[in-house]
Amino acid sequence: ESLHSCVGLLGISAGSLLLAVHFYSSPRAAPLIPSTALGVLLLILSALLAYAGIRRSLRNASLLVPLCLTLSAFWSAYGVILVLAGRGALPEPGDARDALVPGLATLALALLLLAVVGFLCREPVLALLAAAVSLASAHEVALHYSSSLGPSAVACSHLVVCLVGGYFALGRILCFLTKGRVALPGTDLAQKKAQEQGRGSAGGTNPFVAPGLLLNMLSASVFCCRLLGVTHKLSLGHVPWLWAAGTYQIGICVLSYRAMDVLMATAFGFTSILKFAAGYCLLYPAWQPEEPSFPTPFLVVFSILFAVLALFLSLQSPVDGLYLLVFVTYCIALACSPRGFFAGGPQGVAVAIFVASALVALIHLYNVRARAKIPTGKGAVKALLARSSLLKLREGPDLHAPYLGYSRYADAEVLAYACSVLASFALTTTGDPQAPLATVVIPWVVVAGGILKLLGGSVAFARGKTLESSAFILYAVMWIIWGLTRYGGLYGTARSFHAAVGIVAFMLFNSFIVFCSLFLNTAWFFYSLTFMLIAVSFLLDAIHALPAGYDIAATLIFGLVSFYCFLAALSSSTFEGCCLPVGGPVVQLGGVGAGTTKCLHLPARKASSVKRIADILRNGGTCGVPTDTVYVLVAACSRPDAVEKAHRSKRQAQDRPMSLWISSLKQLEPAKHLFTPLLWDFMEAAWPSPISLVIPRGEWVDFLGMKDSAKYVGTPQSVAIRIPDCSVTTHLIDLVGPIVVTSANPTGEADTTHHNQVYAKLGDQVDAVLCGGPSPENIASTVVDCTKIDSGNIGFFRVGIVPKSQVLQILEQVQKK
């Protein structure tokens, strides 16, 4: 964590140093750093700052997170504008000034807000850095309008940033490397850590909301400056600000899912679409003289989605819900203006977005760090809903837990369904076949239906939803390909056999998804089935057989089904109980989630689940459990009937005997005299780890209380024994005693790497599964032959996750001892 802070501080210092050199040398005929080179270097540093901001620990949400992410977004767009200016893409005298001023003015205000919060929350270093960069940006804005100021003032401000950031980064690096023995004044990491612990954590607050709101300020400032007359026109130079804000906001969307904030993640996904659409509109006049036209129905639908999301968000935070209503107004203003972003009405709403984003960002920045929070109205909403017997908000640690196991991300289905609505209604726009780019459809179809749906599919996969993720990814690919082909001018008026073949291939894939959704729920069945109507319309269009009105009818049906799924997912993620029914499986099968299986599936993160698994094992059951490698099937040594059942269920081969696991060498302490000193020391040095040791069978087996179970474990000459490096498994062994272990798959099949596979492979032969999600490793343990260790030789039955060299190194260290 300290090193990530150092990376962020050094990145800020390096960027400020480059800008200081640039402005000191700018009066010369040939600057020391050309604009193109400076732009490329700023792009590299912006990537470094984004890494530092993302990798910063969420437990102590420092203001370094919004500082790094905000500067990264601004410097990336700044760098692109410098590259464009250096390559002659901004030829007119005032183009570079008009391009830079909106972003620089917003950066000055955004970092001023950060500086104020930093001083109030006693983070003077970050506050000083933010204030200095803010001052430098303000000086640069003034420099563009008054040459009397001179570039030296801008360079001095950047030099202050460089010196302060470099000092504290150097101090933290020295403190880290010397383990606190050398610490420059004000950079003591131990003192800093104590302050962080005393201040407490963010308390469930999403630290990425503030950077997302500051990005909304950035995009709004482009249109605010045009409306107020600060800039003369909207041009190509403004596109980097808009698209940088959109790109970073997609990243903020992902990070918000990581922070378990579904509603704000969805909101940032929506606003990123607007930014890409605005950038497209400003980019289009670069090669065509006229302004692009807007599909009005789409914007009306978008305003409805924003309104629904604002309603649900107001239950979580009324301030954020009211803030989203500004975007509802924005979409309506765009729908009412044929000129879209170029009209005065939407630009006036952009001023409101700028002001509202600044105020709400200030609230979030302060609430993340301060103990005394600024009230957002959440308590009043909770008190109001507490009186209702019908609606109850979902709260607690299991709010975003998947059906089984554990996920680092909240559910992204709300955004994925909403993107289906947006993409389908965007396709209702016919456009001009001779000028397909003149209608703004590509951002809605490609960004909403493609990129954001890919994001939803990736998050669904991370949550163990294989079918849903496959469908979202397939549909995203279809939207991207068809959107670019039809609305990007690649299709033209000609139709080809190859396009029809590709669409048929997509339809075959979707047929499989429709079939699988029969076993999921009714809503998903209709969702995948109505997308087949969309694919059919694509196919009919490709072969010149599209009936009039069919494509509009198909997209409307799919859009309405997607909208219902959007409402159902939104309500189920907000309220306890399913408010809108999604139906059960159309075809009922026995198995996980079907309600007919006797096999329990319990989340491994709960201590009560481990206790129930222990009770099942003590009563003679067999269970699948996660380990430090792959999933295994276990039975208690004290229950010979269970060990025999595990042996039968595995169809165990004679050359792959079952192994023995313990939780500590203390369980073998009474039999220590039966082991040679070298073997005992080797076991002590090797464990806990994914290393199984095959040791000579002896009387020590009787000390573990195995009784009649012993005949199923190992061979008559040896036994494989291990202490796993997994807290859940060792805690289970502490409760049950030594356990007999074998891999959770029939002999000869691949290892089991997810809890869903345990029941799928072993069926009713397993009584319960402890669900820990995907395995930390996909490779089994290393099996070492220690039967001849006293002669100084060991062998390897299997080289798994631990390499042979590491095992030999452990043995060498033990022998020297």
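Using N, Cα and C of the backbone, Cβ positions are placed for all residues, glycine too.
Note: TrEMBL annotation is automatic and uncurated.
Lifted from TrEMBL, the feature list:
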DOMAIN    607-802  domain 'YrdC-like'
TRANSMEM  7-25  transmembrane segment
TRANSMEM  31-51  transmembrane segment
TRANSMEM  63-87  transmembrane segment
TRANSMEM  99-120  transmembrane segment
TRANSMEM  208-229  transmembrane segment
TRANSMEM  241-260  transmembrane segment
TRANSMEM  267-287  transmembrane segment
TRANSMEM  293-315  transmembrane segment
TRANSMEM  322-342  transmembrane segment
TRANSMEM  437-455  transmembrane segment
TRANSMEM  497-520  transmembrane segment
TRANSMEM  525-546  transmembrane segment
### Query
Would the transmembrane segment (7-25) count as touching the transmembrane segment (63-87), if touching means at least three Cβ pairs under 8 Å and pairs must be 6 or more apart in sequence?
yes
### Query
Sequence-remote contacts (6 or more beyond its ends) of the transmembrane segment (99-120), Cβ cut-off under 8 Å?
63, 66-67, 70-71, 74, 77-78, 81, 84-85, 90, 126-128, 130-131, 133-135, 137-138, 140-141, 144, 214, 217-218, 221-222, 224-225, 230-231, 235-238, 240-241, 354, 358, 361-362, 365-366, 369-370
### Task
Can you tell me which of 208-229, 267-287, 322-342, 437-455 gets the most C-beta pairs within less than 8 Å of the transmembrane segment (63-87)?
208-229
### Message
Take the C-beta pairs under 8 A between the transmembrane segment (322-342) and each of 208-229, 241-260, 267-287, 437-455. Which stretch has the highest count?
### Response
267-287
### Message
Counting only residues 6 or more past its boundaries, what in the same chain has a CB within less than 8 Å of a CB in the transmembrane segment (267-287)?
### Response
212, 215-216, 219, 222-223, 234-236, 238-239, 242-243, 245-247, 249-250, 252-253, 256, 302, 305-306, 309, 313, 320, 324, 327, 330-331, 340-342, 415, 418-419, 422, 437-438, 440, 442-444, 447-448, 452, 455
